[in-house]
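Taking it in order: structure first as structure tokens, then the write-up.
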Amino acid sequence: MTAASRSITRAVLSREQAEGVGARVRRSIGRPELRNHDPFLMLDEFNVDKNGGFPDHPHRGFETVTYMLEGQFQHEDFAGHKGTIGPGDLQWMTAGRGIVHSEMPVKSQTRAHGLQLWINLPKEHKMCEPQYQELLDKEVKRARPEEGVEIKVIAGQSHGVSSQVYTRTPTMYLDIKMDKNKTVVQTIPASFTGFIYTLKGTIFVGDNAFKGEAHHTLTFSEDGAETVKITTKEESAHFVLIAGEPLREPIVQHGPFVMNSKEEIYSTIRDYHSGTNGFEHARDWSSTIA
Ligand code: FJE
Ligand code: FE
């Protein structure tokens, strides 16, 4: 007997909205209907032309995972860390106690398209040293459970393939491409919450084949089922499956600062403005790419 699949509890369409400077995002997690899908704070599918971007801004208390689909993005932070990521590459940034950075498309490009996920950090990691884990497309391992199904294992495990990314909040992040008329059954830890965000095509999820079209967030039931079954019919599909262990801690968010209490937010704003407790480099810094 095969175990029951997680089912879909809701489907929410993400329409484009303005964000950053001249950027457009389809917000998945983080929109009013999908606030704080613990441990996830935000998922944006971004489209930025060469004149837009996300110039100098801070973060504290969580991680940002930037995954490029098309075009090139450059980043530069207040400690001199910089780089460029292209199609299929990813940057897993642990902001911890503090990062100030700029995230901008490479100017010669016409458009940069990708996903940015915000993962909350547990209390004991919120003030950790910042860390970057950068992976090029060719370094991300693939699972191929059958012909016509390709699973890029960005975080966690799929069909015997494990990601090398270190997660402080246990997270599964899979980029899945399926030809038409395929089925994949993915194992998910019973305690994880999760969702699918669809990029292209139409998929059918769970034992009752819930239909999900492009640019929708499909949230998983929290019933302890340890698999999710996904099928394609007449169309091929491309989507991401994201799941994680809920932290079950208080969340107090003030824009790019996410802490456990109001007092911690007040001290974060003080630290940012006075350049203390991790924001020392913020004192006279401005990026060269913004
Ligand atoms: C922002 C704080 C932020 N979506 N998608 C406040 F951190 C941001 C921000 C982003 C962002 C960056 C990328 Cl590369 C992709 C994103 C929000 O940097 F827009 C606001 N308003
Ligand atoms: Fe940022």
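Glycine is treated like the rest: Cβ placed from N, Cα and C.
Small disclaimer: the values here were computed from a predicted structure and weren't measured.
As written in TrEMBL, here are the features:
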{"type": "BINDING", "residues": "His57, His59, His101, Glu103", "note": "Fe cation binding site"}
{"type": "DOMAIN", "residues": "23-119", "note": "domain 'Pirin N-terminal'"}
{"type": "DOMAIN", "residues": "173-278", "note": "domain 'Pirin C-terminal'"}
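Least packed by the Cβ count within 10 Å, out of the binding-site residues His57, His101, is His57. Helix, strand and coil content of the domain 'Pirin N-terminal' (23-119), in residues and according to DSSP, is 3 helix, 66 strand, 28 coil. Cβ-based neighbour count (10 Å, all protein chains) for Glu103 (Fe cation binding site) stands at 28. Shown in sequence order, Met93, Ala95, Gly98, Ile99, Val100, His101, Pro256, Phe257 are the residues of the chain, 6+ apart in sequence, with a C-beta less than 8 angstroms from the C-beta of His59 (Fe cation binding site).
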